[in-house]
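Q: Annotations for this protein, taken from TrEMBL, read as follows:
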{"type": "DOMAIN", "residues": "21-60", "note": "domain 'RING-type'"}
{"type": "DOMAIN", "residues": "164-205", "note": "domain 'B box-type'"}
{"type": "COILED", "residues": "227-298", "note": "coiled coil"}
{"type": "REGION", "residues": "373-497", "note": "region 'Disordered'"}
{"type": "COMPBIAS", "residues": "436-447", "note": "compositional bias 'Basic and acidic residues'"}
{"type": "COMPBIAS", "residues": "465-477", "note": "compositional bias 'Basic residues'"}
């Protein structure tokens, strides 16, 4: 006997989906099976048949319709048997709320039998208690299995009923199918066996199944093997697609970095050439001014002498003219003999010489190359062998790096070296790539010099020489050799944390009346985040896989802005108030904040028992009881009224990081307000600093909404470079948070959330 506990699984697995027609979405009626093994209602198939063919709605395979119509398709007796089992469990006449006995009307002539209490699994009849007792005592039915009707309806005997169930002959109602005609491959009842299959060799169904089961099982094993191969191929395809997306994002960032490096170099050369041009013009103008002064002086002397001589000749008497004639003649001869009109001084005219590559439409400073994965793996192994253990370790993590794609290595905005994995390919001036073996064998002493924005030359040792770069109005070729060693802001690692895309999901739920406007994010429990949707006045919970976990109730009328999770509580700001509520939504305390600030940033301290909030340029820290624990102004009282912290977070090291919109900078300070570092340089692109998050090592991730970027700063606030760009799917990023110190959660203005795993340099 089959155990009761396993019986319900039969219908749980089949009744909801397997027994439903995929065309009419109702329970199958007269089920017919197509050659592709998909089963539908006979009437539904008749509606799809057209021109002697029909297309399977699920696998889209074209199937020819038999000449006799869709009724000639094979009847699915397996589905029919399951349907009979379902109908028997759910059907039956009711008498006083219970099914009626099927034998009472036959024995007593009554119009309706008494209430049934049992069921015969062999006869498939419902029986009252008296008929059930008699059913067990007759010669013909004493071997029948009679079971309790309540247990049968509960599904306890489903598998046992299936074992005793017999398929009925469609031509002879009431007759069970018992034989298989071997030549015709047709199921027969006793009536069908007599004619026209009387002379055909037939087998009982059990014997026929034993003979044919091994062949079917062998075919099934082959299909299972194919399924395993298909599954493996699908996994490989998904992994390849994921690698493609990751590599595309990486290359996109590299292209952007390389383009920015080229632009910086070009702008530096522009500055140098324009400076030379200005110096040349200024020197020529100075020489011309000196010559003009001398000419004007001589001209004035000559004009005065000539004017005096004309007045004497015009107005003087004879005696007067003769008395002055000697002096006038001597002066005029003196002026005539002086070379007072020399030729113009030589002044070379500047001409601009452009690099031929800038005028060649077929010359590309940036170019992509494509390699299949196998060649990448092979070249990765070769690169590891030729470049030693250090670079082999860098290749082993990702299988293929941009090192073998002829990468140029532009510098980040503060002059630090861009990581090896983030290099972009820059071809040679003649279009050829630098051979990998040559690059691998180039010693560090032989590295090319990289032009800086100030026109100085940075040497391989990381210092600057005093020699000025002479560009002569010409764009020099970018070095294809690795850049010098990184500065101390990279902590000597040579690498930066980099993103690996995890998942993306929307935050709009069916009950939302408006599009989400995410104004706050924070970690919440193991691998969960809490989302403050100000537009829908909700605090929503999501897993890191995007599964919606419900919402935390908020006080009526509150629109949560910034949010932070503490030990067993949630703190959030709304308007000019700070709230602390339990996970069930019960308000534990509320505090009034300054009205001079439109929004207040909230951050949980690493200990989890205090919450910090920005108020009018200073930071207030409250404990779990709602008491003010401390209050400070970043940089001290001298900065009173000079700060406006719109975004705020606390690092695992206990420091505070805030986005100061009044100073347009990112400020890092300790728990007492002492400023550790502050950045407001050109790396902000003129944008107001946005949301800030800190990973477990103290790296700061700053959102720049206007340029669709998340940049990374070191723990002291020095800019290191870009972390996320538009190539990673960023479109107007709004707020971020860090989960477990290694998952960066980024919300966009349209309510979508992207999650990236932060791969640390030493991982």
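Every residue gets a Cβ built from N, Cα and C, even glycine.
Whatever TrEMBL says is automated annotation, not expert-curated.
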Q: State the residues, same chain only, that lie 6 or more residues beyond the ends of the domain 'B box-type' (164-205) and have a CB under 8 A from a CB inside it; answer 'none' if no residue qualifies.
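A: Residues 75, 77, 80-81, 84-85, 121-122, 124, 145, 211.
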Q: Over the span of the domain 'RING-type' (21-60), count residues by DSSP class, listing helix, strand and coil in order.
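A: In the domain 'RING-type' (21-60), the DSSP-based counts are 7 helix, 11 strand, 22 coil.
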Q: Return the average pLDDT for the domain 'RING-type' (21-60) as a whole number.
A: 87
Q: DSSP says what for the domain 'B box-type' (164-205): how many helix, strand, coil residues?
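A: Tallying H, G and I as helix, E and B as strand, the rest coil: 7 helix, 11 strand, 24 coil.
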